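If you check TrEMBL, you get these features:
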- 33-128: domain 'HPt' (DOMAIN)
- 74: phosphohistidine (MOD_RES)
């Protein structure tokens, strides 16, 4: 089962959902806190759901406050970077660029894609963590090949 967990994790890297920062988080996990990465991811998804809601509300107002949208997305990008959410981080960067140039259509389009990438990552990580719990503790965190 550990091999299955490793294959799922590798696929998350191969598909570009995660980057090296996720491995860095795993290296902080130890026997004293065996669910550290899962707890960090849970906090990330809770916080990012709040940010998505704030951004949705700001976009629904119709008059785009690009500074406010950029501030929300700056927070979202920072938390996405901290867990290694590569595709989400890329969409955050694009959204912020659209804010800088005042492109409302670009913001809307990118935000739609960001929500899709975020939901996909959440589902994939939930599956990964569920299988990892079933497999039990592993020796040490290893960098994907």
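Glycine too: its Cβ is placed from the backbone N, Cα and C atoms.
A 10 Å cutoff on Cβ-Cβ distances gives residue 74 (phosphohistidine) a total of 14 other Cβ atoms nearby, all chains included. Here the domain 'HPt' (33-128) returns a mean pLDDT of 96 for the predicted model.
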